[in-house]
Amino acid sequence: MSPKTRLDSDFFGPGDRWQTVAGVDEVGRGCLFGPVVTAAVILPETAIAPLQQAGVTDSKRLSQRQRQQLYPLICEVALATGWGLASVAEIERWNILQATFLAMRRAIAKLDRPISRCLIDGNQQVPQLTYPQTTVIQGDRHCITIAAASILAKVWRDRLIERLDERYPGYALGRHKGYGTAQHRQAILQLGPTPLHRIRFLRSLRQPSQQIDLF
């Protein structure tokens, strides 16, 4: 974490303890392909300093190798972990924001411990959540539990997309993990979308000069 890191406990309410507070984050909101994935994690206070020393921070600031090294460490020391997924069909039906909230609720529901509060990355509260919650802007940079959740979500989703790369060759999914790189966009224009591409997102690819009708 950075020198400006705030302790998660800065966001605790009365009665909250480390062992009852869950950090929650998502990955894949801006992708053209695949589900949005979320993770929730509860850490013991004794794990905070070791995880900070190990380099746990926002997953986007870490290399793939660093994330893969930290993933088993987080799982080992965590009191509880949970993952949630919202499918492409759910993203298409509800929109990406509501699908992300759905995935977050699913991840939190898989935590097998009492929960007194959820620390949510971002500035929007999760609707229909039955626990008290606090949103933290750039929480994955400031809160160790949210940072840990960001790593768990990122590694889990990356592994899923790498498996799907074998099912849908030609799109280089294993390289860009479904994000809208130039290579990915060009592959879609050449090959057309797969069943796991987000049609709402792909509409932005349509240009008058393109001779290929994707839809």
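Here the Cβ of each residue, glycine as well, is placed from N, Cα and C on the backbone.
Residues or ranges marked as domain 'RNase H type-2' by Swiss-Prot: 19-213. Among the features that Swiss-Prot reports, divalent metal cation binding site is placed at Asp25, Glu26, Asp121.
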Sparsest-packed of the listed binding-site residues (Asp25, Glu26) - C-beta count within 10 angstroms: Glu26
Per-region confidence, the domain 'RNase H type-2' (19-213) (mean pLDDT, whole number): 95
Assigned element (helix, strand, coil) containing Asp25 (divalent metal cation binding site), judged by DSSP: strand
For Asp121 (divalent metal cation binding site), the number of other Cβ atoms found within 10 Å of its own Cβ: 26
Beyond the site residues Asp25, Glu26, Asp121: chain residues whose C-beta lies within 8 Å of the centroid, for divalent metal cation: Val24, Val27, Thr38, Ala39, Met104, Ile120, Gly122, Gly139, Asp140, Ile146, Ala149, Ser150, Ala153
